[in-house]
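Residues or ranges marked as domain '4Fe-4S ferredoxin-type' by TrEMBL: B:15-44, B:46-75. The [4Fe-4S] cluster 1 binding site annotation in TrEMBL covers B:C24, B:C27, B:C30, B:C65. Summarising the annotation, TrEMBL assigns [4Fe-4S] cluster 2 binding site to B:C34, B:C55, B:C58, B:C61.
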Amino acid sequence: MMKKIVIHEEYCIGCRLCEIQCLVKHSSSGKIIKAFREEYPRPISRVHVEEEGYLSFALQCRHCEDATCIENCMTGAMHRDEKSGAVICDEEKCVGCWMCIMSCPFGVIQREKKERKIASKCDLCGNDGEPACVANCPNEALSYEEN
Amino acid sequence: MKKLAMAKSVLFPEFKVIRDTDRCIACQVCVRQCANDVHHYDQDDDTVSCQDERCVGCQRCVTLCPTNALEVKKREVGFHPNANWSVQHIRNLYKQSETGGVLLSGMGCDQPYRIYWDHLLLNASQITNPSIDPLREPIELKTFLGAKEEMLDIDWNQDFPVIKTQLAPQLELNLPILFSAMSYGSISYNAFHSIVEAAREVGTHCNSGEGGLHPDFYPYGKNIIVQVASGRFGVHRDYLQVAGAVEIKIGQGAKPGIGGHLPGEKVSLEISQTRKIPEGSDAISPAPHHDIYSIEDLQRLIFAIKESISYEKPVSVKIAAVHNIAAIASGAIRAGADIVAIDGIRGGTGAAPQVIRDNVGIPIELALAQVDERLRQEGIRHRASLVIAGGIRSSADVIKAIALGADAVYIGTATLVALGCHLCQKCYTGKCNWGIATQDPYLTKRLNPSIGKRRLVNLMRAWAFEIKEMLGGMGVNSIQSLRGNKEHLRTVGLTREESQILGVKPAGEGW
Amino acid sequence: MREDQLYRIPSGCAVVGILNQDGFRISGEGIIRSIAVMHDRSNGLGGGFAGYGIYPDFPDLYAFHILYDDRQAVITTEDIIQNLCEVEHSEVIPFREIKEVQNYPYFKRYFLFPKGKIFSEDDEVVKLVMKINSSISGAYVISSGKNMGIFKGVGYPEDIGRFFRLEEYQAYCWISHGRFPTNSVGWWGGAHPFGLLSWSVVHNGEISSYGINRRYLQNFDYHCNLQTDTEVITYLVDLLGRKHQIRISFLGSVLASPFWHEIDLMSEPEKTFYRSLRMIYGGALLNGPFSIIVGFDKGMFGLVDRIKLRPMIAAWKDSTFYLSSEESAIREIAPDLDEIRPLQAGEVVSGQVGEKISYGKKCFVSRV
């Protein structure tokens, strides 16, 4: 059974610590001060906090069962991981065509420039325990549960 | 509050925000989390700067900063040292001369008056009386609050003896600790929700405070003591019917002699509907109840309430600890109260004039000792249970209170601190950064009720075990045998008179 | 009260009781032999006896045994007694000089009844006892029951027994105590048994709820002046057993109540019964280790605390009922027994004159 990130928007306080910790988790050093100050270009967060008025919540890839990004990927970089069921982008194969970004109904894929241009999105932190956004939310507005 | 036009304020900032620039990554968490707009992000420089004069010292930014780059300290003012004119006095003078207003404050009295709990020590058993191990033997904390008979009428002629006396209604608690009265209005919906959930899970009660009861909480009614205060906010038939008990609030320890105060900033739509008052208006409870001007009037109200609930629930009377507390408590019991709740000078509040909060009332330890003694002398101690409140900080304070004669204790400030409060004393502004003492929806989200409930249940569990350990150490396996048992207390560092008023021998004296 | 008497002395001890349920009387020699076996449980700082049926010539009069520290106390006390009571007879309590017992105070006994029109003789006697003990320095009423008496002092119990010539008395019920106090106070009034009216109590243990039991008793005008735990037990037994009419076999339900979690599992009417008793009589709950033997006009009973921290054995032979801290003390005077068993936590085992032997009637006991 696949574990997914569940959003509890009534408790999101809009602090964006999830964005910060996601960025750190996906940085080369894994250390917060180094990631922010010394890594260039600065790594980007794969989760984004949507806000309107006092309502806010953190949105990341939903790992859809019928993922349009997988269908539209021309190189097959966007694929489903057998074990975890998550939708993962193989950065080696990605050519930066952005078809996935255009077709994603949630708008959770972003452009990233590392050595070259690639599509960047939530990878459930490699299915290694709780994802960084869930573990670091100070108000438990995100939880990692089986459907 | 109008500020005098043009003249510069001579008020100095209370707090200093120190940012370690080596650690700050300009992530802006502090900017987003401060309800007082202390931190600002400058896009051009990619730095965060702060306006110290707005800081209230709530420590929210310090707690959430991911790199621990912040420190908030009390600012040192460069006045000539003066033991008489303290910084606080000078500050108050400046504020009052600028505004002409009554200075408000939140939480309880913070002045360095003597804390008697810190001068009471407990006993333990050695050799002649074995201590009891709570991990292996039952140690009972069960408590019943309500009027008790002195004697039972028993029919011994049946196969098994049958009790003929009908006992007065009781509240059954799993441990002698209840959550104190904090109104929905002074605290947020989420905070109140955390408290009622915890009360139900732990098997104790909480108190609605004088703000009425939101209909969402009616299902928890059996674990709620509802208050009928001088403003009569939210008092109607259903309110009394769903509750576990009804409490008439005559006074509270933080502001004896005056009524409750909820500033208009905190009266949102939901609050106005629960309290039945216009949105945005200050909710000020009058000082006396409009129909209680003497003890016989209290008796009339107590029985009016008892009639309306068909005598099925206990009725409590809450009074503030003042000089003549023993006689007042005695009078309240003779007027029909089943439970008397006494709140001492350290009791907290959402808003009170600072001068009253810090100067009116007496410490609860002394009040309790005197009330318990007087009621026993008058032979009426069994007619009501005594619940005390006002600065109970730990399980040691709880057990000392029981030994001095209380049936149970209310915890208010400790409850809020468990939920995240940092005692910045700015509850009356409605800008509680921790989501506790506010109605601002942007802020109330910050208190997740499932986390809040978990924290309160943890606290109660930890205290219950500590109390069992201390009871077992004294060779006592039921809290009933500690209640009023002053032989297990000794004073240290008090004058003879103080020890006598408490009715406790000085440490060093044997049995 | 003297300076050295101001401290409450907890103790570890020895207790023995013998009751003949046919009312057949025996001399004090048996009980002296029995308690002597448990010599090592005492340290020579206290011993005492209570005997029932020892004054067949004055069966309906209250027999006051009074201890006096000095002559002035005698005069003051006798003055009060003469005013409030009709005294039929009074005399010094006979004793023999033995080298083991030194520095003994003055003991006198009075056979009396309260005079005038009164509602309850027993209550008047209790008031008189409280008055003498509280207000007259140097005078203490040791026992105040009908056709019974308490003899006690500082010394090993077997020596005290010989001192008071107990082999010359005949009683249908004897109880005895040997004391091991942890303070070296040599005050004769502090020894056990402790008595009020026809109740006499011997106690092995320490009452950690003493502070609250004493304050609870004050509500009912019992004043604890003799600084021993046993005093509260005696007054509680009088309050519950005599004034509140709780049956003997249920006294354990108040003094050593079952635990709440056990009560929750009971069915009615037991559940309401035990719950109500605990709610109302919380101030009478005895906490701390204890095993007690209580003698009263109709018989005696034994009780241990709710988690069985001190020993008590019950035994029966023909129509005699025995209670003791140790089996050896019983076997010393009754080598063959019909039945012998230890008491369980919170269990009252009793016997009364005229009752059939029933090896103790069982009420609810804590499953510890």
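Every residue, even glycine, has its Cβ placed from backbone N, Cα and C.
Keep in mind that TrEMBL annotations are predicted by a computer and have not been checked by a curator.
Overlay of TrEMBL feature records on the structure.
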residue : record                          : contacts (Cβ under 8 Å, 6+ apart)
B:C24   : [4Fe-4S] cluster 1 binding site : B:T47, B:V48, B:T67, B:A69, B:L70
B:C27   : [4Fe-4S] cluster 1 binding site : B:P66, B:T67
B:C30   : [4Fe-4S] cluster 1 binding site : B:V38, B:H39, B:V48, B:C61, B:L64, B:C65, B:L70
B:C34   : [4Fe-4S] cluster 2 binding site : B:R60, B:C61, B:N433
B:C55   : [4Fe-4S] cluster 2 binding site : B:P13, B:E14, B:F15, B:K16, B:V17, B:N36, B:V38, B:V72
B:C58   : [4Fe-4S] cluster 2 binding site : B:H422, B:C424, B:K426, B:C432, B:N433, B:W434
Model confidence for the domain '4Fe-4S ferredoxin-type' (B:15-44), as mean pLDDT, reads 94
Across the domain '4Fe-4S ferredoxin-type' (B:15-44), DSSP yields 5 helix, 9 strand, 16 coil
Counting Cβ atoms within 10 Å of each Cβ, the densest environment among the binding-site residues B:C61, B:C65 belongs to B:C61
Excluding B:C24, B:C27, B:C30, B:C65 themselves, the [4Fe-4S] cluster 1 site's Cβ centre has within 8 Å the residues B:R19, B:I25, B:A26, B:Q28, B:V29, B:H39, B:V48, B:C61, B:P66, B:T67, B:A69, B:L70
Surrounding the recorded [4Fe-4S] cluster 2 site, with Cβ no more than 8 Å from the Cβ centroid of B:C34, B:C55, B:C58, B:C61 and those residues left out, we find B:V17, B:C30, B:Q33, B:A35, B:N36, B:V38, B:H39, B:V56, B:G57, B:Q59, B:R60, B:V62, B:V72, B:N433
Once DSSP output is merged into helix, strand and coil, B:C61 ([4Fe-4S] cluster 2 binding site) belongs to helix
Those binding-site residues in B:C24, B:C27, B:C30, B:C58, B:C65 passing the chain A Cβ proximity test, under 8 Å, are B:C27
